[in-house]
Amino acid sequence: MGDMSNSDFYAKNQRNEGNHAAAFGCSLMELRSLMELRGTEAVVKLQEDYGGVEGLCKRLKTSPTEGLAGAQTDLDKRKEIFGKNLIPPKKPKTFLQLVWEALQDVTLIILEIAALISLGLSFYHPPGETGGESCGAAAGGVEDEGEADAGWIEGAAILLSVVCVVLVTAFNDWSKEKQFRGLQSRIEQEQKFQVVRGSQVIQLPVADILVGDIAQIKYGDLLPSDGVLIQGNDLKIDESSLTGESDHVKKSADKDPMLLSGTHVMEGSGRMVVTAVGVNSQTGIIFTLLGAGVEEEEKKEKKGGAVEDGHQNTGKMQDGNMESNQIKVKKQDGAAAMEMQPLKSAEGGEADEKERKKVSAPKKEKSVLQGKLTKLAVQIGKAGLLMSAITVIILVLYFAIDNFVMQKRPWMPECTPIYIQYFVKFFIIGVTVLVVAVPEGLPLAVTISLAYSVKKMMKDNNLVRHLDACETMGNATAICSDKTGTLTTNRMTAVQLYVGDVRYKEIPDPGVLPPKSLDLLVNAISINSAYTTKILPPDKEGGLPKQVGNKTECGLLGLVLELKRDYQPIRNQIPEEKLYKVYTFNSVRKSMSTVIKLPDGSFRMYSKGASEIVLKKCSHILNEVGEPRVFRPRDKDEMVKKVIEPMACDGLRTICVAYRDFSSNPEPNWDDENNILNDLTAICVVGIEDPVRPEVPNAIQKCQRAGITVRMVTGANINTARAIAIKCGIIHPGEDFLCIDGKEFNRRIRNEKGEVEQERIDKVWPKLRVLARSSPTDKHTLVKGIIDSTMADQRQVVAVTGDGTNDGPALKKADVGFAMGIAGTDVAKEASDIILTDDNFSSIVKAVMWGRNVYDSISKFLQFQLTVNVVAVIVAFTGACITQDSPLKAVQMLWVNLIMDTFASLALATEPPTESLLKRKPYGRNKPLISSTMTKNILGHGVYQLIIIFTLLFVGEQIFDIDSGRNAPLHSPPSEHYTIIFNTFVMMQLFNEINARKIHGERNVFDGIFRNPIFCSIVFGTFAVQIVIVQFGGKPFSCQPLDLEKWMWCVFLGLGELVWGQVIATIPNSRLRFLRRAGQLTQKDELPEEDVNEENEEIDHAERELRRGQIL
């Protein structure tokens, strides 16, 4: 079917192509086949068939410099002929599919089978009239008042309850899936790209990019479509996502101009004409093939032939952009195997979430909470299974011994159905114990809490891409933050200048500067900066000018404007195409250089970069009249002391601008960087200010109070970094903390062979607060070192911020990676877990608050559920063993299970966070999930509930003067006695739900209760349904209506929970040291073996990425 739809699609397009042959000089299929070529072959084809890239632009009716005119009719025609830049998403699961998935629950299946057997047997009547008598006690009262006719009710009621549970689960999954789709589209809307339309450079949503658009590409971009390079500067692309080639591919208009969607720009910049979008791009073609294969695969899976690699297209490459899925081609046993790698947050709810985990590149280990919950759920599940098995065995043995040993009855064939009915009843009791014991509400509580938090976190400028990151953030013990843009405003202004042997503490009047130096300075800045960087007039009068592009370059262009010059005429005179050679900025060079050809045929190269790095390469400097003089090492040292250090101590970034002339005979070897980028002449040093964000010092103080260490990891000079760290409050004067640069850091952590040693890192990181002049490698090493450290009791949970392409490995290695939404590159965003849409550090503090709130919500739910579990299991078990019947019937247990699991998780998982969450230390990895206070609450309330229920069970009939419900025969009518027990049990749970809102021993359990309307409505709603069940539930719910007095007693005993809660709060925890702490993760048993292997793979993966990035 997929093939058919594809062929229809192409046939339709071919018809379109025929109709529009005159409209454009090339068809869709021609462009598709052109994009399949590479290297020289592509250049030749382009030249011969199209007359080069200019000829291609003519055919596509676009201008290489001005782009598309932007007329709506033209844009619509392009959409119609060449398609839109989006790939249709996978259809969401229907409600029925979700119902079917919910039905797969093992305990529910067991219950369904038991209920069906019960139903079947209730309609079976043994032949002959004597059966009842001769079967003796076993059949006692079976036929009383025709009650046997109603024997089907219990089976039917269980089935009905199962239907309720399934529908509620399916509805939850459906709403969750809908929410994830909303999150997905939000992430996609964030994705924009720079294109030229009508001579204007505009940011366009990726979905609106069309064939013929001229796209501007720069370092860090994720290409949104296929295209042909028009002009490029030192352009290197990582094509591993499509071709599996791990080395970066050099692209140039004359050697290899083909650019493919979904590949990363690792270095350089350029312009390309878009030739294929959406399903017609190289990535889109693969997606379409995979999408067409999904249905076949699903059919195969149904037949049991599950496809080995799980290639289903689980995400969508909406807007033709590869952020949501990356196609990895792995060489496996010599064969290239395709692997779909969805990289955005799960788009299709839980099932897709699982699929995503299965298929994506080995992600970090399970989040802290997931690890603890899995362990706890397994422990509880095992205990529940054991209890239910023991219950069934005891019931069967009790029955067998009583009938066949004590009363010496023979086994009579006609009695077999009656005996089987008893055994089925025992089995149902056992399953009921299991249903109540197994905490299947745990994953639901986690999901609800995370989904609720993620939605609210968007308002706090946190766009969560991986759900578990939200909760992991609550455990964070360390944050390694960038400086620029995160702690500072990222609005660069040149405030000091050193030129012609004079340091100006304010930008001087241009008249006082040597004219030669001024001309060189203005030309060097105007030409040697990205032409996409501009300063535009302010949006509103009196506002600040708008900075577009690289902010450091904006600061330098601002200096040109302050010196009463303009950079645009110079750029117009030397357009980007005329730049002879560009050495783009990267983390190894730490400088950018541009070569131009002068009118006399010679060459001039302008350079700019970190002052200490560029000055080392200078052999001359311009003097007071603008003439070069020799610049000796002695002069350099003096300049560092008198100019650079004082500027850096004021918190300024220092940028040195320099130049060098080359003769054209012979032409230099431009690839010999070491010789080219040397022997420079310094023009000036500029001090650029990037002020600290006003809200940052307070945010850092909150982190420190919350037990989180904030470290600054920056590429800036050590003095600049220290000055900013003091302003932010990361360090305070006189404190014994380390501020070191990358060089010193590497000296301290590496042995004689140059290998990193964990023991050496352990001596550095605890005191380290500022790491300056650091490379992405240093950042990754630091993060890895802190995470792998075992010196503290608790393993550190590290959050990292990053914006550059090279921050990818560190972001992946961190427990939580934050990418910058504004300044961040697409590569960084893709490697991250959370995107900060405002690039602001204080948003990270909000993420910590939400993370802790998730942890607390889950703990509240656990405290509540475990109390119910403990009590219900003990009651069912003891009751069954003593009275041969469970005081709480299967249907009642299912209702309690529904209260416990679905409603309580909704009520307790949606509590809003408060500032008080930041007043305590992180929980840490090895702290038990259930604290001693929680254990005290669980056991305390459990004891209260058990005393009440057993009192009611054994002496209840005397207290209320009613018939006893104990030892009632099979199918006997519901008793008032057992109804009171059931009703009191539910009332105690309802009031205990209010107690469960507090888990740290607080006395006021009502504090802030009305701020959570969901909680209030669920408590009142459950109460109302309980009234209906007791008064009108009748036989299906095994309930007898109660009068007002008995109701008041039930509510009174429930209210006792609140009073008892105050009693428990008074008991000091120190008395309860004997309590075992459940759900604890120790260093050794932190993860199952397969996860440990996955973690190792992850490290290798990150390190491989890092090695690949080292040429940067």
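Numbering starts at 1 and runs along the chain as it is shown here.
Cβ coordinates are placed from backbone N, Cα and C, and glycine is handled just like the others.
Features of the protein shown, as given by Swiss-Prot:
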| type | residues | note |
| --- | --- | --- |
| TOPO_DOM | 1-94 | topological domain 'Cytoplasmic' |
| TRANSMEM | 95-115 | transmembrane segment |
| TOPO_DOM | 116-152 | topological domain 'Extracellular' |
| TRANSMEM | 153-173 | transmembrane segment |
| TOPO_DOM | 174-373 | topological domain 'Cytoplasmic' |
| REGION | 298-363 | region 'Disordered' |
| COMPBIAS | 298-311 | compositional bias 'Basic and acidic residues' |
| COMPBIAS | 312-327 | compositional bias 'Polar residues' |
| COMPBIAS | 351-363 | compositional bias 'Basic and acidic residues' |
| TRANSMEM | 374-393 | transmembrane segment |
| TOPO_DOM | 394-426 | topological domain 'Extracellular' |
| TRANSMEM | 427-444 | transmembrane segment |
| TOPO_DOM | 445-858 | topological domain 'Cytoplasmic' |
| ACT_SITE | D482 | active site, 4-aspartylphosphate intermediate |
| BINDING | D803, D807 | Mg(2+) binding site |
| TRANSMEM | 859-878 | transmembrane segment |
| TOPO_DOM | 879-888 | topological domain 'Extracellular' |
| TRANSMEM | 889-909 | transmembrane segment |
| TOPO_DOM | 910-929 | topological domain 'Cytoplasmic' |
| TRANSMEM | 930-952 | transmembrane segment |
| TOPO_DOM | 953-970 | topological domain 'Extracellular' |
| TRANSMEM | 971-992 | transmembrane segment |
| TOPO_DOM | 993-1011 | topological domain 'Cytoplasmic' |
| TRANSMEM | 1012-1033 | transmembrane segment |
| TOPO_DOM | 1034-1043 | topological domain 'Extracellular' |
| TRANSMEM | 1044-1065 | transmembrane segment |
| TOPO_DOM | 1066-1112 | topological domain 'Cytoplasmic' |
| REGION | 1086-1112 | region 'Disordered' |
| COMPBIAS | 1087-1098 | compositional bias 'Acidic residues' |
| COMPBIAS | 1099-1112 | compositional bias 'Basic and acidic residues' |
| REGION | 1106-1112 | region 'Calmodulin-binding subdomain A' |
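Within the same chain, the transmembrane segment (153-173) packs against the transmembrane segment (889-909): three or more Cβ pairs sit under 8 Å, each pair at least 6 residues apart. Residues 154-156, 158-159, 162, 165-167, 169-171, 173-174, 177, 349, 351, 424, 427-428, 431, 434-435, 438, 440, 890, 894 of the same chain lie 6+ residues outside the transmembrane segment (95-115) yet bring a C-beta within less than 8 angstroms of a C-beta in it. D803 (Mg(2+) binding site): 26 other CB atoms within 10 A of its CB, across all protein chains. With a cut-off of 8 Å between Cβ atoms, the residues of this chain six or more beyond the topological domain 'Cytoplasmic' (993-1011) that come close are 856, 859-861, 863-864, 867, 904, 907-908, 911-912, 914, 931, 933-934, 937, 941, 1019, 1057-1058, 1061-1062, 1065, 1069. Here the transmembrane segment (889-909) lies next to the transmembrane segment (1012-1033) in space: the count of CB pairs under 8 Å, restricted to residues six or more apart, reaches at least 3.
Counting Cβ pairs closer than 8 Å and at least 6 residues apart in sequence, the transmembrane segment (930-952) and the transmembrane segment (1012-1033) reach fewer than three and form no contact. Of the Cβ pairs linking the transmembrane segment (1044-1065) with the transmembrane segment (859-878) and spaced 6 or more residues apart, fewer than 3 are under 8 Å, so the two regions do not touch. Across the topological domain 'Extracellular' (394-426), DSSP classifies residues as 27 helix, 0 strand, 6 coil. Long-range contacts of the topological domain 'Extracellular' (879-888) within the same chain: residues 391, 394-395, 398-399, 426, 429, 432-433, 872, 896, 949, 953, 965-968, 978, 981-982, 985, each at least 6 residues beyond the stretch ends and with a Cβ under 8 Å from a Cβ of the stretch.
Under 8 Å from some Cβ of the topological domain 'Cytoplasmic' (910-929) lie the Cβ atoms of residues 368-369, 372-373, 376, 448-449, 452, 456, 474-477, 702-703, 705-708, 793-795, 797, 845, 848-850, 852-853, 855-857, 859-860, 862, 997, 1008, 1011-1012, 1014-1015, 1077-1083, 1086, all in the same chain and six or more residues away from its ends. Same-chain residues lying 6 or more positions outside the topological domain 'Extracellular' (1034-1043) and placing a CB less than 8 Å from one of its CB atoms are 150, 153-154, 156-157, 160, 889, 891-892, 895, 973-976, 978-980, 982-983, 1050.
Taking H, G and I as helix, E and B as strand and the rest as coil, DSSP gives the topological domain 'Extracellular' (1034-1043) the counts 3 helix, 0 strand, 7 coil.
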